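Engineer: This is the structure, below, for whatever I ask next.
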Amino acid sequence: MSGLAIDMTGISKAFGPVKALVDADLRVARGTIHGLVGQNGAGKSTIIKVLAGILKPDSGRITINGTRVESLTPASVERLGVHFIHQERLLVPTATVAEAVFLNYELRFGPFLRPGAMKRRAEELIRTHFGLELPGDTLVRDLTTAQQKIVQITRALAQEAQVLVLDEPTAALVKREVDSLFAVLRNLRAQGIAVIFISHYMQEIEDLCDEVTVMRNGTDVGVVRPGETSIDEIVSMMIARDVGEMFPCRSHALGAPVLRVEGLSQAGHFRNVSFEVRAGEVLGITGLLGSGVKELVECLFGLEQPDAGSVTIDGEVRRFANPGRAVQGRVALVPEDRRAHGVATDMSVRDNITIASLERYMTRGFVSRARENEAVDGFIRELSIKTPHRDQLVRNLSGGNQQKVALAKWLSCQSRVYVLDEPTVAVDVGAKVEIYTLLNRLAAEGAAILFLSSDLLEIAGFCDRALVVYRGTLNGEFAGETLDSDLLLAAASGARAQRKEA
């Protein structure tokens, strides 16, 4: 029998004139963790939907655990041992762990449920595979995000899964939870289970995967081993150009200081923080989890109040009692969790873009729909927002396009200061380049940009200067030749405070 758990060969799929897959291959060996990467639109989702039995391919051959299959349905795929762990947590909050594990596969004695047996079996599975003691009567809503992910995986293992497909499984996890999940996946690999790991996080791909299939324009363009191929080389395969071209060059001159922060403090979070951002400048700020960076951002936008210090915008001291006052002061915040706080996913693209600036489109006390539509269409063109029309619900857009909608909202407000919290998180490489280009254009027009990111390569490659926060205080300023990811990491980890100038 072949050593392949999944063998998809020559898979093609078209939707009318659009070719989503063109002679694509995906081969995954048993007992390996196999990465699947590519930009949005590269074909990742389509080939996984074919594997899941959701889409029927136009041509190609599929073999699962040595069995050639002519047609697939979601039910038949599960019977063949292939299970999917989706990015969204599809668990009932009021269910117990045991109920979530055995939903639709309940243990019975004749017509009667066996809740005690299900509880014991769920606890045994979690203990055996993950080394955790998790009571089976715990409610799902009381679990951490990582524990909920474990319950999803346990549900698959209860049905004797031989292949697990995980779609962006770390998107909502903190680093400690990511480390725990990776330990779980490595343990499953040791048990002979094949894992397909889909992620935009290249560092995770490098740390976890044995092999990686890279997709571009609907086909696979190579299978590489992370230990033998660098992240930059993988990204270059994804975007068909050198990774150095990701970050646009800025040639415009910097203007006068727009944002000046002096002696800002908040008990328990940060103290005596001072910096300035000039017109046309992108200032990076980074720090480890718990460093105080998030709380600093909240104070700048009026979500929290500092205990001491001042914020000056264009020479005027401002104190924002709430986010509404910050918006009036022409300060914009694009939050890390865009789906929860950056955009209203059940509203249209148009309504999201204009919600904070409707007064600009008022005529005699009423919103001029024509003026609003004209402005929105302009933003859609300017930002290359991929949407069929302005009335499309934002939830139907990709992550990168949702982020562009969030940025367009503040462009509509004609903001002066942009505070961006992890603006490229869970965004594919192509969309990242588009976001960098947009921010570069904003800077060239005189905006002051505060760019928060935990991706140190991104900070080093995109920003003019960078500040590092360590345990609530600034522990280094870096610019020019010294703006280096290794130096940033050292400062973020508490290395001796230093100040580096260009």
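Cβ coordinates come from backbone N, Cα and C, glycine included.
Not my notes, these are from Swiss-Prot:
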| type | residues | note |
| --- | --- | --- |
| DOMAIN | 6-242 | domain 'ABC transporter 1' |
| BINDING | G38, Q39, N40, G41, A42, G43, K44, S45 | ATP binding site |
| DOMAIN | 253-496 | domain 'ABC transporter 2' |
Engineer: Excluding near sequence neighbours, so keeping only residues 6 or more apart in the same chain, what lies with its CB under 8 A of G38 (ATP binding site)?
Structural biologist: K44, V214, M215, R216, M238, D428
Engineer: Which one is it: of the binding-site residues G41, G43, which Cβ has the fewest other Cβ atoms within 10 Å in this structure?
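Structural biologist: Each of the binding-site residues G41, G43 was scored by Cβ atoms within 10 Å; lowest is G41.
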Engineer: Going by a 10 angstroms cut-off between Cβ atoms, which of the binding-site residues Q39, S45 has the sparsest surroundings?
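Structural biologist: Output over binding-site residues Q39, S45: least Cβ neighbours within 10 Å is S45.
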Engineer: Check the DSSP secondary structure of G41 (ATP binding site), expressed as helix, strand or coil.
Structural biologist: coil
Engineer: Along the domain 'ABC transporter 2' (253-496), what average pLDDT does this model show?
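Structural biologist: Looking only at the domain 'ABC transporter 2' (253-496), pLDDT averages out to 90.
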